[in-house]
Amino acid sequence: MPFNYQTALAFIFAIEEINRNPHLLPNISLGYEFHNLLPSYWRLLESFFIWHTGQNEIPNYTCGRETKSVALLTGTSWATSSQIGPLLELYKFPQLSFDSFDPMFSDNGQFASVYQMASKDASLVHGMVSLLLHFSWTWVGMIVAEGHKGLQFVSDIRGEAEQNRVCIAFVKMISIYVVIIYYDTDHLNHVNHYIQLHFVTWKVWVTNSQWHADVARRNFILDTFHGLLIFSHHHEKISRFKDFIQKATPSEYPEDTLLSLLWFQNFQCSVTESDCSLKNCTPNASLLWLPENIFDPVMSDWSYNIYNAVYAVAYALQEMSLQQIQTPPMENGGMFYPWQLHPFMKNIQFTSPTGEHVNLDLTRKVDANYDILNLWNFPEGLKLRVKVGEFFPHSPFGQHFAISEDMIEWATEIAELPHSSCSESCHPGFRKSLQEGKPVCCFVCTPCLENEIANDTDIEQCVMCPEQEYANIQRTRCLQKSVMFLAYEDPLGKTLAGIALSFTIITSAVLGLFVKHRDTPIVKANNRALSYTLLISLTFCFLCTLLFIGHPNTATCILQHTTFAVVFTVAVSTVLAKTITVVLAFKVTAPGRRMRQMLILGAPNSIIPICSLVQLTLCGVWMGTNPPYIDKDAHSEHGHIIIMCNKGSLTAFYCVLGYLGSLALLSFTVAFLARNLPDTFNEAKFLTFSMLVFCSVWITFLPVYHSSKGKVMVAMEVFSMLASGAGLLVCIFAPKCFIILFRPERNSLHGFRVNKYPEEKVSF
């Protein structure tokens, strides 16, 4: 086949180049002979005796001219090399394999005389997977030739693919874009036959450098492999080889029957009847005239390996010759045996004419560098291999793989970059969810959870945003959370602050009104000192709500609830004192009674400091154990960080609130019992209604407060304080203010005796 013949020309080219080199093997000429080693035991045995003994006939019968060989170059079949290897090992005959590197030949016991010229292909799978990842091809098929190298390739690439989440499908009917082909020369025809049977077209094929030109002569394969991507060993060009091919003609090498056959088939030659020589051929014809699908002038990997193998033998012979010069002549007349080359072959290191460093020691061999070639085979028969990229495994990370996408010719009917995946890529904001029983490349896209993002495609796990950030609606990036609190600038804050100030002014106005009319019956009849105390405490109740508005700090957090607890305790205990005063006043029926004495001495007024002292004690315990502090809530409100006052000890908070509620309930009970006591200025009914409003507000507050979040929760607390304070103010003092301002005639003692004992003055 033509591609095999190129290796023969490379072999002859290397020998002639060495013979012309005055510095390498001076005064020694290298010769050569070819043998067609078919994988047949008897043919192998026959060929071995021919080159080993130098006799073309049966030994001991006809003795021909001795033309013993000193080394054997074998390839392209592992079967041939492996079968002849043990036979050559019996005689320690050097064997140089120019096939692709095979780890099986690393067995020094069985193949100690075999030297491999090719570089290691350990990085081939890494290069192919790098190509797949570059184009995001994650769902690929594979056609691999049978044999141990094919099985090893499958094992290697499967491991590399799984690490990079690339899935390999083994199917007979290929329904995917990208297909990896691993060629092994022993089973090349089987792979080609499989492709011929199924005529798979419009696919992207990725293969190793063992893809050969023999398939190019078959029409069925031309359109199939247009756009093929080939990983070929990187070699420097040998320009002199092209000149050699230009001059290689049947007249230059008349004994070369293969060359004559090529000429006869392609240059319209005729054959003489006398000696079967060629005549009337196309004038000045050359192998370079042939299209590349018939004869490729560019050196293949095999040709490079043969070229280096010949030089390796030459350098070994030169080293052995130099040693013989320094030792006495041998008894056999200066001749040597092939096994004597081994010490020199094992240690030989040289730089080839192309600048490539060559050594035959398996332990020092390095992985091959690869050129990525693109096969242009359209129109049919073009068969151009264009370098579109490279893979150098030993280069720094990020520089080991390069490819020019614009130069690639894709398979027929593929107009744009092919897409090959089991599942569509998950866009940003989604993550991959694997499906049970399916390969890792087959997945569904699941949206990221709240406050999680995925800012790239095919993310396996969404990333949680930091506490001070939140995910946007698309779940693609984290945004800075805004700080939120009940500020004066907010409409809600402005409204509540306005209401608080308004009630403060109203309460102050009522207090002023009562002071102005302090000597009127309606003010005096209801214990004006307690009224003044209640109005002042209500003023502070309204003002303390301002502590809840604005940016919290340590001071405001402590003052908020302690001030609220104390001033409201004063207010509620004042209402309780007023209620008890009314009850005691109507229980006084005779002078000198004990209750009358208590009333005169103002005993009910002592309720206020006692109740307030108890509340102060509770607040002191609260502040001393676990006081309120500034806290941040980054979870309750989406996109916001709530700055709030943490109450510290909830137990202490509810004790304070419970104590205040107990006072309110007690005040309501006493007022309710005294609601029907007769008197012109009896305010028991108003006290009852005010405490009913107060208790209703705070009973309603608890569930609403716990169901609210953020600044709404604080606003509910402020609103409850304002509503309860306003309830006390309106229910108790509104009727009195109405009489003072609009019904002054009712604010009089005319016709009514307050006390039937004029010597005693009692103020209710």
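Heads up, the Cβ atoms here are built off N, Cα and C, so glycines get one too.
For 492-756, the entry in TrEMBL reads domain 'G-protein coupled receptors family 3 profile'. The annotation transmembrane segment is assigned in TrEMBL to 496-517, 529-550, 562-586, 598-623, 651-674, 686-706, 718-742.
Under 8 Å from some Cβ of the transmembrane segment (651-674) lie the Cβ atoms of residues 561, 565, 568-569, 572-573, 575-576, 579-580, 582-583, 586, 611, 614-615, 618-619, 621-622, 625-626, 682, 684, 687-688, 691-692, 694-695, 698, all in the same chain and six or more residues away from its ends. Recorded stretches compared: 496-517, 562-586, 686-706; the one with the most Cβ pairs under 8 Å to the transmembrane segment (718-742) is 686-706. Each residue in the domain 'G-protein coupled receptors family 3 profile' (492-756) has a pLDDT score, and their mean in this model is 82.
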